[in-house]
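The structure appears right after this line, and notes come after that.
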Amino acid sequence: MFGLEKSAGRREPGGSGGFPKMASVGDFNVLSSSIPATKVELSVSCRNLLDRDTFSKSDPICVLYTQAIGNKEWREFGRTEVIDNTLNPDFVRKFIMDYFFEERENLRFDFYDVDSKSPNLSKHDFLGQMFCTLGEIVGSQGSRLEKSIVGIPGKKCGTVIVTAEELGCCRDSVLMQFCANKLDKKDFFGKSDPFLVFHRSNEDGSFTICHKTEVIKNTLNPVWQAFKISVRALCNGDYDRTIKVEVYDWDRDGSHDFIGEFTTSYRELSRGQSQFNVYEVINPKKKGKKKKYVNSGTVTLLSFLIETEVSFLDYIKGGTQINFTVAIDFTASNGNPSQPTSLHYMNPYQLNAYGMALKAVGEIIQDYDSDKMFPALGFGARLPPDGRVSHEFALNGNPQNPYCHGIDGVMEAYYRSLKSVQLYGPTNFAPVINHVARYAASVKDGSQYFVLLIITDGVISDMAQTKESIVNASKLPMSIIIVGVGPAEFDAMEELDGDVVRISSRGKFAERDIVQFVPFRDYIDRSGNHVLSMARLAKDVLAEIPEQFLSYMRVRGIKPSPAPPPYTPPIHVLQTQI
């Protein structure tokens, strides 16, 4: 369940100040806390590097760079160790990176032959480089990418093998249950209404809220329900990091009274139910004022159970393919493509909104599709030669084989059809949804998952049919992304999104939420930086895909296939000269 968790969380003030900003206990959303993405560990090996030393072999080092989204500037991320005298290094030092499915992380691996102790890379011989994305590594078979090293004209520079492994601590969740005894009485007429608030400590010593229990009414000896929380959310995978737990008495007006607090750590909690996990609840103010103050009650851990979650990456590593289909709105409301006011205007100098949305989403998804062949459809146009209206036509003109090679192939087919079809109407979504659903219905074993991107200028004509198609599709391995371009009101799209009210048709509700809608205008960068707006758009529309994907696999009880066996480098036999 990663990717959904990056937006910065609101920090509640700790201590006796209570919760001045909180309306009610129930409004806390774990996903809004700033939990890092899952972490992956990259291992690097090379084969047949260039030999730059006269009397011995090269002494290689690998330097990894990442690229900033806005200004495209490359920044050094880290270096491996130097391995002496080899052209086939298997570097021991790993690179550990945050991984978000919905972000494109460009990587550059540079290789040098180290000739001195100087950290300045210009003092060493350059052996070549390799460019890729983190998604490309993760999306390769077995999350193992092998690529040629380039950068020295006319020379074969060898190959690099990069393997990604998801770090285990990111995947564990714990199921915990607590009770309390003899808590301070805070209410005038009754006993307290206690609840617990958990905070993890950050590197800088501050605290971030990560869980809140339910309120137990009118008792000083509450037993809270067991709750599940990811280890990442609880302590960011650091078992010795401080976890602060505050005890409050709930008040209807939101001014909850502070009873006291205690600190612990994941390592302490993992001992389970024992004398080590009975905590005195201390109220520092009371302690400072009253000489005879002992505590404000105790909190006891009743149970502690570790569960390892299967993750999105387990399925990708096991070979599940993500199939990407695009459907483009060719209705007349988009405006005449030859006019600059048209949403389909073919500007020779920059992409139109359709092109931008297509490229932003497609470039990330294509890393998870091994053959890079994407069906591209159009709807709402009159087709040559007879002018019949179609709501499901192949952009490349070949209904038997609507596949285009790569995102660039889709863009090319899109521009070609703009020149040959006549924009018309109405705006019907159901045919393209049903088109993808037919494919998804034929592979329900977890080996493939389908993502349909619909780009549209707006008002939908076949709402009832579309709702029915979505409700039916919610049982299938597919997700739908809708990007709305242009100035129209998109109220109907918000309804399809189903985030607020689950979508239904003829009394049947969607089995799961599979639609994500965003209006393109929310992402137009005022400074004209299209790279940034495309990255933000992709981030928001793709963030829900891993969870939608996992919800399908969970409901169907589909486990990830085992990953192919790990790569073992060939052993090089050193022959001794006699």
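Along the chain as shown, the residues are counted starting at 1.
Using the three backbone atoms N, Cα and C, a Cβ is placed for every residue, glycine included.
The region 'Disordered' annotation in TrEMBL covers 1-20.
The average pLDDT the prediction assigns to the domain 'C2' (20-147) is 84. The domain 'C2' annotation in TrEMBL covers 20-147 (among others).
Across the domain 'C2' (156-279), DSSP assigns 15 helix, 56 strand, 53 coil. Annotation source TrEMBL lists domain 'C2' at 156-279 (among others).
The domain 'VWFA' annotation in TrEMBL covers 323-524.
Here the domain 'C2' (20-147) is broken down by DSSP into helix, strand and coil counts: 18 helix, 51 strand, 59 coil.
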